[in-house]
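What follows is a short report on a single structure.
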Amino acid sequence: MTIAFLDVAITIEYVSTAISLVCLPINILFVYILIIERNRPPYNTPFFRLCIHLSIADILMEVFSTLFFKFPSFGVFPNTFYRENWSVVPIAGMQYLGHAQAFGIIFIAVNRFTAVHYPIKHRQQWWTPKVTKTLLLIQWITPIFFMVPLFFTDFKFLFSRNSGSVIFAASDARFHKNYFLAMAIVDGIVINSIVLLLYGAIFVRVHTHVVVRKPGELALRLALSAFIIFICYLALGVCSLLSALTPPPDAWVYRTMWFVVNDVLCNSSALVLLALNRPIRKAFTRHLGVFSYQGVSTKNNSLLQAV
């Protein structure tokens, strides 16, 4: 790779990291506001419970990836910061938090699907507090099983002096290839295919049913917001697949792409929901003291009730 290409890649990663660190307080404040507003409609619904936990996973991923992967690349920590006997911890943490994000995105897609296709059952039967709590437990417990295999092999710390990349590679090359290729297939193909089908069904329903297609409905804007967040995860899955197919010493370019897209994903939940949904934006700005709060009316709004 040319020096110019290396400089561009490193510059892009510097910029994305700086923007992410600026957006981090916004994400934290967003979660805080959703928690404060959790007893007000429409924030007292399963969708926003799921959003809270997805945003928490996003925040943890942003902090974790910056601390363990980006700071060493930027020269903040010396090479000796990492030791061979615990070098599995950073990659295991990334796998855990990444799959916590994935399950959050899946559950939000399912929530939007049932809200649009089966609004009555969605509101009255399926999305009970017990079901929501069960799904949240699954979101945080199931990722443990994805990272457990990592503790059965040794990892080594690779530092590219040309690109500044920090990469962790399994000592067993076959394990490294098989594990990360399997994870890339699960994340980049299986999960993305399921979620893409769900959103496809949602937008077909919206397009073909006049009652559902009423403009200005919060439920539809939430579906669009969640879809945009999913697109970021889809791009991340593509980068994961490309990285898994590349030998560790040559994977730095996909590593840079992955972290840039990951920065976008980690900051997308709060920013997209704020940008596309005025009621959420009003609650956010009210807590900042911009203007007084006026309740969100849910009267005669069946789709809003289906949130």
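Even glycines carry a Cβ here, placed using N, Cα and C.
Taken from TrEMBL, the feature domain 'G-protein coupled receptors family 1 profile' covers 26-245.
Annotation comment: TrEMBL describes 14-35 (among others) as transmembrane segment. Counting same-chain residues at least six beyond the ends of the transmembrane segment (14-35), those with a Cβ under 8 angstroms from any Cβ of the stretch are 43, 48, 51-52, 55-56, 58-59, 62-63, 66, 70, 74, 259-260, 263-264, 266-267, 269-271, 273-274, 283-284, 287.
Annotation comment: TrEMBL describes 47-69 (among others) as transmembrane segment.
Here the transmembrane segment (89-114) has Cβ contacts under 8 Å with residues 46-47, 50-51, 53-54, 57-58, 60-61, 64-65, 68-69, 82, 121-122, 126-127, 135, 138-140, 142-144, 146-147, 150-151, 155, 168, 183, 187, 191, 194-195, 198-199, 201-202, 219, 222-223, 226, 229-230, 233, 265 of the same chain, all six or more residues outside its ends. Marked as transmembrane segment by TrEMBL: 89-114 (among others).
The transmembrane segment feature in TrEMBL is assigned to 135-159 (among others).
Positions annotated as transmembrane segment by TrEMBL: 179-206 (among others).
Long-range contacts of the transmembrane segment (218-245) within the same chain, counting only residues at least 6 positions beyond its ends with a Cβ under 8 Å from a Cβ of the stretch, are 42, 47, 54, 101-102, 105, 108-109, 112, 115-116, 177, 180-181, 183-185, 187-189, 191-192, 195-196, 199, 202-203, 206, 212, 251, 254-255, 257-258, 261-262, 264-265, 268-269, 272-273, 276-277, 279, 296, 301, 303-304, 306-307. Marked as transmembrane segment by TrEMBL: 218-245 (among others).
According to TrEMBL, the transmembrane segment annotation covers 257-276 (among others).
Sequence-distant contacts of the transmembrane segment (179-206) (same chain, six or more residues past either end, CB-CB distance under 8 Å): 95, 98-99, 102, 105-106, 109-110, 112-113, 116-117, 146, 149-150, 170, 212-213, 220, 223, 226-227, 230, 233-234, 236-238, 240-241, 243-245. Regional average pLDDT for the domain 'G-protein coupled receptors family 1 profile' (26-245) in the model is 83.
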